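Have a look at the structure below, then the notes.
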Amino acid sequence: MHLSPVFTRVLLTRIHSCPNTHYITLDYHGKKDTTQVRRQDNQLIIFCSEMKGSKRPIHAVTTWVRRQPPKIKAFLAVLSALAALLFLRIVVHDHDSLFVAAEFVHALGISVLIYKLTKEKTCAGLSLKSQELTAMFLGVRLYCSFVMEYDIHTLLDMATLATTLWVIYMIRFKLKSSYMDDKDNLAIYYVVIPCAVLSLLIHPTTRHHPLNRILWAFCVYLEAVSVLPQLRVMQNTKIVEPFTAHYVFALGVARFLSCAHWVLQVLDTRGRLLTALGYGLWPSMVLLSEIVQTFILADFCYYYVKSLVGGQLVLRLPLGVV
């Protein structure tokens, strides 16, 4: 009997038989599963766990969603986001805790990244350009924090910047041989220049120096799109190994919580928070930036959760995702 590559990589641990039916216990990286092999019409039919899982409600729902046209998918995404916001507003009474939760989830993502680089000794699947963009907007935001306002967020940004610079150092020098340079092919200036132009046109209207206001707007816009090179890498490879997938998913969750914090704060203050940020288009652009950086990662997060529920160890992205 010829088995597919998936079955040649598993460890056969036990076989017990019934008439015309065999039950094989397989061990794959410590995960044991019993697979049914049935003889029918002189053929051996293998009933995989994935085939059994397809009957579960979660798989039926994801299959139905996948078959919907793009407009319906977009509507369902917006509806899900609104439902999540409503849930958070009911359950979380202190909405400032959402920002703390966002920082905590982001820290978890960075911890996964550190583990990948130190223990796995590889940076395959990671975008150096996304890390450089992250360091860029964090550096600008730290400067603005020192000259405009200084609070606990400044200390958090300093820790994140230090970690990001360490990641850049590891990718550029220590683990350069595993860096996928040909896949990380989104030019940085395609991201930086539009953000710079937009910050010149739309920036805060506070009493601070004009240059500082422009720089503050620049870091807000750049943060919203800094993950684009990482998405391009995953788009080019189509296969995302677990640690990279965990890291990007943590970014998606953190940005959703941060966006929820902003939206709920605006609702609680009946719009007064936006007017406190200034006048003109700037308040709306701040809120829009939070929403954009959330929806940029929404598609990836959907396939991540689907893969996790399906028990897949490696995330495979279909065509057209990210």
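Even glycines carry a Cβ here, placed using N, Cα and C.
Note that TrEMBL annotation is computational and uncurated.
According to TrEMBL, the feature transmembrane segment maps to 74-92 (among others).
When Cβ-Cβ distances below 8 Å are used as the criterion, the transmembrane segment (98-118) is approached by residues 88, 92, 126, 156, 160, 163, 167, 170-171, 174-175, 243-244, 246-251, 253-255, 257-258, 260-261, 264 of the same chain, each at least six residues removed from its ends. What TrEMBL lists as transmembrane segment is 98-118 (among others).
TrEMBL lists 154-173 (among others) with the feature transmembrane segment. Remote same-chain partners of the transmembrane segment (154-173), defined as residues 6 or more beyond its termini with a Cβ less than 8 Å from a stretch Cβ, comprise 103, 106, 110, 113-114, 117, 123, 126, 128, 131-132, 134-135, 138-139, 141-142, 145-146, 179.
Feature annotation from TrEMBL assigns transmembrane segment to 185-202 (among others).
Away from its own ends, the transmembrane segment (214-231) comes close to residues 126-127, 129-130, 133-134, 136-138, 140-141, 143-144, 148, 184, 186, 188, 191-192, 194-196, 198-200, 202-204, 208, 248, 251, 282, 285-286, 289-290, 292-293, 296-297, 300, 322 of its chain (Cβ-Cβ under 8 Å, at least six residues beyond either end). What TrEMBL records for 214-231 (among others) is transmembrane segment.
According to TrEMBL, the feature transmembrane segment maps to 243-264 (among others).
If you look up TrEMBL, you'll see 284-305 (among others) marked as transmembrane segment.
Under 8 Å from some Cβ of the transmembrane segment (243-264) lie the Cβ atoms of residues 81, 84-85, 88-89, 95-96, 98-99, 101-103, 105-106, 108-110, 112-113, 115-116, 120, 125-126, 227, 230, 234, 286-287, 290-291, 293-294, 297-298, 300-301, 304, 307, 315, all in the same chain and six or more residues away from its ends.
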